[in-house]
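J.: What TrEMBL shows for this protein is this:
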DOMAIN    129-147  domain 'NF-X1-type'
DOMAIN    182-201  domain 'NF-X1-type'
DOMAIN    243-262  domain 'NF-X1-type'
DOMAIN    308-340  domain 'NF-X1-type'
DOMAIN    353-372  domain 'NF-X1-type'
DOMAIN    380-399  domain 'NF-X1-type'
DOMAIN    437-456  domain 'NF-X1-type'
DOMAIN    491-517  domain 'NF-X1-type'
DOMAIN    522-543  domain 'NF-X1-type'
Amino acid sequence: LHLWFLLSPKPPPPAGCLIEQLSEEKYECMVCCDVIRLMAPVWSCQSCFHVFHLNCIKKWARSPASQADGTTLQQHVDPPCLLSNQPIQQSPTHSAHCGRKVTNPEWQRSEIPHSCGDMCGKKRSGADCNHPCNILCHPGPCPQCPAFVTKACICGRTSQPMRCGQATVLQCDKVCGAVLNCAEHTCSQVCHRGQCQPCQLLVQQVCYCGVTSREVLCGTDKDGFDGSGHFSCQKLCGKMLECEAHQCQQVCHPGPCQPCPRSPSLVKTCPCGQTPLAKLLELGYSERQSCSDLIPSCGKTCNKPLACGSSDSIHICEKLCHEGSCGPETKIKLRPCCSLSDIYKRCNKKRSCGRHKCGELCCVSVEHKCHLICGYKLNCGLHRCQEPCHRGNCEPCWQSSFDELTCHCGQSVLYPPIACGTKPPECKNLCTRRHECDHPVFHNCHSEEKCPPCTYLTQKWCMGKHEQRNNIPCHLQDISCGLTCNKELPCEMHHCKRLCHRGECLAEGSCHQPCTLPRPDCGHPCAAPCHKGSSCPRTTCTAKVALQCDCGRRKETVHCTDAATSYQRYAAIAMASKLSDMQLGDSVDIGQLITKKELKQTRLECDQECATLERNRRLAEALQIDSSADPFNIRSTSIYSDSLKEDARFYTSYWVLPHAKILLT
């Protein structure tokens, strides 16, 4: 720590503070941390202005720590100062603070300790100041120069006297007026630092061929060919050449157009370039007089390379020597390993990555290297792999952070470097986040934004406010008691039949339970969907009623409508019998046949089996047979044939007495 304190940069101490501390023997040497006495030999650094014991600085100059590159004192000529890192002489001497007048100065009570007592005379730190320091020899930096000089402002138009050591930059209120980059206009800004801004005026520029114009800032493209500010529109020039027969085919260009490329003075070979025209003249061809004359053809194959080819498969023109551009008929120069049908086949082999196909035409590669970018997400989950597509897993993310990574509460810390994607450290302290409830916290500090649910056991009412449940975790909100809701519905006729639930009872907005109002005809409930505020609709009653005959043997459950039909048939028969009694002169009460009570007591008609049972009952009563063991009330489930019954009637002697009570039917 002491070495780090020594090597850390220190600001230069003020001269007044140094003089006071040296005079009162309170200044400490930075090497030995001991007080510098008035009579002790010292050495002052002219860069950092700190004062050291002479012996301490000599030891420092000879120590390995002073050699930044590991050299020894004999190899290193000038070891650096431990604070300013400026070179130190191999043999530092005890000299005055000014460093150049007196060696081994003696201490005088009336003078500054370790000074020569004369004027300092050192050059001041200001780069523009040429005046030497005019105060007595002193430690620390020299004060600002008090001399008055004339300084000019930034633009140089105004000057005024001021102190030499004053670092204030003069800035006048006049317009700069310097010529701008366009060399036509001047700067309109007030006196400013640095170069003037480019000219902001908009001007119209015309291209070199004069066809296209544009609006740009003044001075744009003035560093071109002629400095006129013109530009190239990248279209064909189209100007008439000197031959007055052809137009310029070059892209819009500065300066005059080139001579006609068909000029007899320029054309020296046939169109394909394989035969000189001089040789063709020897064969009897006429000499060309103007650019409009045809260029003689040598009659050989053109063999010029076409633009559709490449370095691997060169397409050449197979026409005879001709003028103008080559046609679409091509001759393909194939590889030795390929056939003509192979040039249109794409390679279907997998590349080195194992993910993509090669897809090259007429491919002869062996490795099939993949040049695409992998692009898969790295293990950090934040960045993607930028390496060429490869097999296997991607390399770990190389990015890292040099900031400390802490848990949420700040108690657990991971110190840098931190690999990208590293999760915050685990913390064993309780979570200090703000929670929705006031219950005790049982989970540890975590890095997730949402805390785990509170599991503290509480008492909570169920959703329907039927009962209060115990031992319910705090995070559970909707508690159902399992009972029927039984709340009165808005129709004021029914109650909710759903199990304990939250929210409104009627999710659909209206009650659909069956109406419980009695019907005027049968007294059964209406059973139509709830219709509060309106009369019950006239519908067929579907209620089930139990019917039985007079003897009680026959029992059936039928719809109310069918029961009404049976009752009407029964009432008609009873009415007919009553009318026959009326004809005999008897009084008859028919009120019971038309009342609703009798309608509810509708009975079934007894059948033949009912009559048989009634006859057996009377016979058992006549024979004084116990009704509890009455065999006549026991109906055999066996079915006998008619022939067996006839034989039994004929051979009655075979009957035994216990069977005498059986009546054949």
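For all residues, glycine too, the Cβ spot is worked out from N, Cα and C.
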J.: Tell me, roughly as an integer, the mean pLDDT over the domain 'NF-X1-type' (182-201).
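T.: Across the domain 'NF-X1-type' (182-201), the average pLDDT comes out at 84.
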J.: So which residues does the domain 'NF-X1-type' (129-147) touch in its own chain, when a touch means Cβ under 8 Å and the partner is 6 or more beyond its ends?
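T.: Result: 12-19, 22, 44, 49, 51, 96-98, 101, 111-112, 114-123, 163-166.
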J.: Give the nonlocal contacts of the domain 'NF-X1-type' (491-517) in its own chain as ranges (CB under 8 Å, at least six residues past its ends).
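T.: Sequence-remote neighbours of the domain 'NF-X1-type' (491-517) are 462-464, 466, 478, 480-485, 525-532, 536.
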J.: Hey, which bits of the same chain come close to the domain 'NF-X1-type' (522-543), Cβ under 8 Å, at least six residues off its ends?
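T.: That would be 491-494, 510-516, 559-561, 564, 596, 599-600.
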J.: Are there residues at least six beyond either end of the domain 'NF-X1-type' (243-262) with Cβ under 8 Å to its Cβ atoms? List them, or say none.
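T.: Same-chain contacts beyond the ends: 207-209, 211-212, 224-226, 230, 232-237, 290-292, 295.
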J.: Treating G and I as helix alongside H, and B as strand alongside E, what does DSSP give for the domain 'NF-X1-type' (491-517) in helix, strand and coil?
T.: 0 helix, 3 strand, 24 coil
J.: In the domain 'NF-X1-type' (380-399), how many residues does DSSP put in helix, strand and coil?
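T.: Output for the domain 'NF-X1-type' (380-399) reads 0 helix, 2 strand, 18 coil.
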J.: What are the DSSP helix/strand/coil residue counts across the domain 'NF-X1-type' (522-543)?
T.: 0 helix, 2 strand, 20 coil
